[in-house]
Amino acid sequence: MEREEAEIDRLPIDLVAYIFGFIISFTDLAQASSVCRKWKEGVKQSLAQRNSMSFAGWKMDDDSTTRLVRLAYNLKELDISRSRWDCQITDNGLYQISLANCIGNLTSISVWGMARITDRGVVQLISRANSLQHLNIGGTFVTDESLFAIADSCPRLKSIVLWSCRHVTEIGLLNLVNKCRKLESINVWGTRVPVNCFIDLLTISPSLQIKPPGVLLNVGGAAILPVA
């Protein structure tokens, strides 16, 4: 006697992909992908249709993150911020992600708090992210080298978060604001640049929002804001 086909097996693949699009757990998607060939294809198609992807709260490493990003052909927003101490995204992971087809279409990237990320990874990623409008590299160990790369590669940049990036200097900031003429907002909380530098930034771009708002209160001092 032939086995009766399950109801879900009768669904067209595009509808299966649509259903999988509601699953936010990457662990669940991985398990679904291993059920059968149809479900595996459904998971792949659901990832390809996603406009945004966030790994915040998930235990991820370079390889698992890269595999998912490479399947997300239509991705616009990528969030790989640290929200777990055991998250293992490194410069090598950013390099692998930079080779994904979606990178040139990304408008928003966040690698906030990823302590293993340095200029090497950021420069590789940014070099192909020419559509980028919003970037959060706060809490990483970037220097002016990354700011120079961002200034050269991201002409559409509107906002950048440099929260506690203590190795950037006024040279990198001035170059960034001078080249990224669409920049509207910059967060410099916890940096170690002189307050006078921010006066110079406003001279270049008077409408620029420098965050936090109180950073300009002590002109002549240093913009080293307290770190919790």
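Cβ atoms here come from the backbone N, Cα and C positions, even for glycine.
Whatever TrEMBL says is automated annotation, not expert-curated.
Counting residues 6+ beyond its ends, the domain 'F-box' (8-41) has Cβ neighbours under 8 Å at 47, 49-50, 55, 58, 60, 64, 68 in the same chain. What TrEMBL records for 8-41 is domain 'F-box'.
The annotation domain 'F-box/LRR-repeat protein 15-like leucin rich repeat' is assigned in TrEMBL to 68-192.
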Practice prompt. Could you tell me the mean pLDDT over the domain 'F-box' (8-41), as a whole number?
Written response: 80
Fill in: Counts by DSSP class (helix H/G/I, strand E/B, coil) across the domain 'F-box' (8-41)
24 helix, 0 strand, 10 coil
